[in-house]
Amino acid sequence: MVFAQLQRPAMVIGKYAAILFYLTFALFPLYWLLKIAVTPDRLIYSDGTRLWPSEFTLSNFTAVLFQTDFLSYFTNSLVVSLGTAGLTTVFAAGAGYAFSRFNFGGKKIIIAVMLITQMFPLLMIIAPIYKVVASLGLLNSLTSLIIVYTAFNIPFATFLMQSFFDGIPKDLEEAAMMDGCSRFQALRKVILPLTLPGLGATLGFVFTAAWSELLFALMLISKNDTMTFPVGLLTFVSKFSVDWGQMMAAGVLALVPSCLFFIFIQRYLVQGLTSGAVKG
Amino acid sequence: MITRKHIVTEPGGHRARRSLYWQYAVEPFFYLSPAIILIGAVMLMPLVIGISYSFQSIDLLRPFNTGWVGFENYTKLWSDRKFWLALENTFWWTFWSITLQFFLGLGLALLLNTQFYGKKLFQALVFLPWAVPTFLSALTWAWLFNPVIGPIPHWLAALGVLSEPYNILGDPDLALWGPITANVWFGVPFFAITLLAALQSIPGDMYEAAEIDGASAWQTFTKITLPFLAPMIAITVMLRTIWIANFADLIFVMTGGGPASSTQIVSSYIFTTAFRKLDFGYASAIAVALLGILMVYAVLLLVLRKKLVKV
């Protein structure tokens, strides 16, 4: 419908060229990651720029899984990311609902403050947070990471949830309230089930963000047994004298959860942004 | 609005007033308070503390040398050659990252707004880089740029762009292009998602009318699509510029700011100062300076946006 002219032959060729270009650009680095992970160590250098590995092996994967602390990093990251995603989604759903359904004193200020938190250099608050966490004795704890990540993700998640709530007619909970539900009951029983795609998108979005976070994890965690995946993987560099094959194998494994989540959410994400608030 | 009317018309003035109070002053905060408390405790309070640090000497290597020093950190900053170099690098890093991300993202969004076979799969695949953890994309791109084992220097040499396949990340004149490439790769999907969302909210009959009037694809694009996208473009470009200027992970992993500080941007300089030199006071002063610059930029862009949208 849009861009009807794109049906002309020259346009069609151009379009498929563009499709090919974007696919190559997006996937080539990931392909290379996978290629190095399945190349035997002794061939990594001699295979160098070959597009296809001359020999396959899964030994990097088995080595990572059974001879390194990978599983512990992976579990820590999973705990942190799931905890963060769960908490953030619940709190952001509440805040997004309040923005969508109420007019109240200070609303504009709170929205402005949330926007501002997206603007200032997070590095600015790294030092104070470090000192606070240290003085509470929470360094090297997954709890402190979950709390920090949750706070960081709430603003964007709130705007996202608000746009999903804006897409649901107000009459629905009003009808439920007429029938004797309290507002909270109406939210829980009528509105939230309708926002499931939005909740899913927010959950997935925050999960991926927490899964990749490096700087705060680097700063707050220095003990091996509470390291999250990004920090643990970086220590591969020094600890195992850059075992590239294992590192890339670990990387491929780390990609699995966030990619699965992401493929699942990206449709809802476009849908949610279309319906409202983030349009600015 | 509807709910207010509904409550006011309820029988019993006293009850109505109490529920109005409940609805305007209490109930919203029942839903908001966890978010507000967390943001306040983890972001706003540290922000204030961070600003106060910038007027103090807080050097963990010299723990007895702490205290208020007024503007000392700032005067030191003014004459710090490394800071100005980092600021210049921040400009180029941000400028090229945002420009390339924006144009590629816009192209992708326009492409995804048309119909073609396998579109759903295509969309899931081209959005993938955004889901790749930053440190992992940094490592992958560092590998791709490696002159011994990475393909990019070899290809560039074969194309005649480079005289020989040498280490781009080790060349002070070119090193910044490594992280920029990785950043563009990682950031295109986000621009594409937001712009696609904006594109899909443009009413379809606008295009039908344009088609009936015989408008060319280019005319349709400049007369309908771009004006509709303008507000979204302004807000995403602003937020993303600030975000990219603050974003040091890729640089941190790929080049560590080197060679010879040629890829040190302000935010990686803050990190180095705070956690390698443990000079929190000075690091905070740099951060406040960066915040100030970004605020000026944001205000300029908001003014510009207001002017553009009015027309």
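The backbone N, Cα and C atoms fix where each Cβ goes, and this holds for glycine too.
As recorded in TrEMBL, the features of this protein are as follows:
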{"type": "DOMAIN", "residues": "B:87-303", "note": "domain 'ABC transmembrane type-1'"}
{"type": "TRANSMEM", "residues": "B:29-55", "note": "transmembrane segment"}
{"type": "TRANSMEM", "residues": "B:91-112", "note": "transmembrane segment"}
{"type": "TRANSMEM", "residues": "B:124-145", "note": "transmembrane segment"}
{"type": "TRANSMEM", "residues": "B:184-203", "note": "transmembrane segment"}
{"type": "TRANSMEM", "residues": "B:224-245", "note": "transmembrane segment"}
{"type": "TRANSMEM", "residues": "B:280-304", "note": "transmembrane segment"}
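By the Cβ criterion (distance under 8 Å, sequence gap of 6 or more), the transmembrane segment (B:29-55) is not counted as touching the transmembrane segment (B:224-245), fewer than 3 such pairs being found. Sequence-distant contacts of the transmembrane segment (B:184-203) (same chain, six or more residues past either end, CB-CB distance under 8 Å): 97, 100-102, 104-106, 108-110, 112-113, 126-130, 132, 134, 137, 141, 224-225, 228-229, 232-233, 236, 240, 244, 250. For the transmembrane segment (B:91-112), same-chain residues at least 6 beyond its ends with a Cβ under 8 Å from one of its own Cβ atoms are 119, 122-123, 126, 176-177, 179-180, 183-184, 187-193, 195-196, 199, 225, 233, 237, 240-241, 244-245, 251, 263, 265.
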